[in-house]
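Feature list (source: Swiss-Prot):
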- Glu245: active site, 5-glutamyl coenzyme A thioester intermediate (ACT_SITE)
- Gly220, Ile221, Gly222, Gly223, Met224, Val320, Gly343, Lys370: CoA binding site (BINDING)
Amino acid sequence: MSFKEEYQKKLKTADEAVKVVKSGDWLEYGWCVTTPAALDKALAKRMPELENINIRGGIVMWPLEITKIDSPADHFTWNSWHMGGLERKWIKEGFSYYAPIRYSELPGYYRNYIDHVDVAMMQVAPMDEHGFFNFGPSASHLAAMLEKADCVIVEVNENMPRCLGGFEEGVHISKVDMIVEGENPAIAELGGGGAATDVDKAVAKLIVDQIPNGACLQLGIGGMPNAVGSMIAESDLKDLGVHTEMYVDAFVDIAKAGKITGARKNIDRYRQTYAFAAGTKKLYDYLNDNPECMSAPVNYTNDIARVSSIDNFISINNAVDVDLYGQISAESSGIKQISGAGGQLDFVMGAYLSNGGKSFVCLSSTFTDKAGQMHSRILPTLHNGSIVTDTRANAHYIVTEYGMANMKGLSAWQRAEALINIAHPDFRDQLIKDAEKAQIWRRSNK
């Protein structure tokens, strides 16, 4: 049987395909831009007759139809590997929960600890001449997840970019049970957190001054990493490489400015390596069939040993809060879950262990609440219930618009002094009093 004949044999409508779902099932809903669309719509019609359904996914970028039914919590539970704004909203509605992970371990979770998946469904690129459906810009953990699925349903989207890789960037038709030709929606776009602010630019300048020619970059999402990317694109830096968890628009700008060659990378030379991507159409168009860009599973991109083997590795990520001990929360504010651990700790550790490498965790020194009250992001201790994403033992450079502090080798009082020095001036006196109370302040300190 040819691949085209097998394709026709497995072709179903979305309504036909979701009939396989039954109460009590564990479902997989892809990841990020591969979250199903037509299948989600079809399942929403059936969901009121189902109960005790568990669904795994993450970084949902548009409102899902299954969440629009009456009383979703009576029918299913959403289990998120990494939360976005919609999933935070669903927490309040009682059917969404975060699953704490080090993102790099996710393929191993499926292969070693998750017994099985009843039904996996996701959007993919059209089948190629060799019978493969490409995962688009989301290799991530999808190959490992499909290995555990009793039933694999792919939803073909003709707009899905075909993202080349080295391995585990797609699934062969022989491993697929049903094929649905979807409605071909445009690939969901993710903004970079708005235009860079003056604070973002100040932080970016401090970091860019620390980046040498030939460095290998990892950028997170948000205004500060975007500001760093814009500044790099306009700089005199050259021969930069990319080895990152998330590929964002800033990398496209840097590449088109001629700054990225990958010529000095110790591994995957001349290629930009990433686990998943989300951004604007500009990004998806750049990644499509681009042999310079290498889509790879997250246990490859985020492996600490692999990251540390790359010389001059520069990791740039965001934080929510930092306390005077150097503990970093990048995923919650108190008990309120904001995002997830992701791969930040892996890159913080890998960059530090790299020859010439540096990890930068960035944050604005303050934020203003809805009532107009300004608060310090550098705290005496993290808020009660806040999750420690990066421990004080792992923290490297912490950066605000007032400067950067290298935590390595510093005792408790030295850390307190260094962090107070980069806090907003309006909060420094109170932070000194808090440090004294915690017995991490010396009288000889300024």
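The backbone N, Cα and C atoms fix where each Cβ goes, and this holds for glycine too.
The Cβ neighbour count for Gly220 (CoA binding site), using a 10 Å radius over every protein chain in view, is 25. For the binding-site residues Gly222, Gly223, Gly343, the largest tally of other C-beta atoms within 10 A is found at Gly343. Glu245 (active site, 5-glutamyl coenzyme A thioester intermediate) sits 8 Å from Gly220 (CoA binding site), counting Cα to Cα.
Annotation note: Gly220 (CoA binding site) sits in a coil segment as assigned by DSSP.
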